[in-house]
Amino acid sequence: MKILITNDDGFNAEGLKVLYELLNDKNEVFIFVPDRERSASSHCLTLNIPLKVNKVDKNIYTINGMPTDCVLIALNGILRDIGIDVVLSGINHGPNLGEDVLYSGTVAAAFEAVMWGMPGMSFSLASFENPDFSGFKKYFKSLFYTLYDKIKEDNAVMNINFPNVSADKIKGIKFTKLGTRRYDDAIVKVSDPRGNDYYWIGGHKPDWKNEKGSDYDAVFNNYISVTPLKIDLTDYEFLKILEKEINFEL
């Protein structure tokens, strides 16, 4: 299988190295990643400056752009005639749960793959500190190949989150919906010595709504969460309400 790997944590991320090692034994793996961390870049494309591609090693490249730039340049440029089978994004340092998927460069890269006609998967480890990749090393291969067989004809996006616990503490796999989270004090206001205000976006740890069947509920209880996503954001139920109850005459 020919696999493209990208991420939003950059070339030096430990999760990237782990993912590469798990796949490189019997696949032809290509790495196209940002040359620096691009967390929370969402589906941003670089349009106003030229993108430079740096070849680090055989099949390994860094780009001075965003994760979606990396996928776009790989699939429609350098690897255009290679015939990539699937795009994997990650392993992200930190969870991509609930509304995180709207901000995540990791998840956006998987969506970019689907936009160009192939399946995409995003992988995240639910911790920013002291990452434990033993769960990935034990369960990743069977999970990946099983999911790929299911989605390869549908070009679907799979968002997968592992709990940050040792492999022996992982209870299983759950297929989930997106959860709902709220950040407390999402904007932090600080004053410099001259009294000028500036702001940090981020705040404290998020507060999650307790929802059974959600990705957060699964990961919080030490399950691997697998959430199918799609590009179509249309709210079809509300569309029916609009068509039925509102009649504009121009």
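Any Cβ shown, glycine's included, is placed from N, Cα and C.
Among the features that TrEMBL reports, domain 'Survival protein SurE-like phosphatase/nucleotidase' is placed at 3-184.
According to TrEMBL, the feature divalent metal cation binding site maps to ASP8, ASP9, SER39, ASN92. Here the Cβ of ASP9 (divalent metal cation binding site) has 23 other Cβ atoms within 10 Å, regardless of which shown protein chain they belong to.
The record gives ASP8, ASP9, SER39, ASN92 for divalent metal cation. Within 8 Å of the mean position of their Cβ atoms, the other Cβ atoms in that chain belong to ASN7, GLY10, ALA13, GLU37, ARG38, PRO67, GLY90, HIS93, GLY94, SER104, GLY105, THR106.
When each of the binding-site residues SER39, ASN92 is scored by how many other Cβ atoms sit within 10 Å of its Cβ, SER39 comes out lowest.
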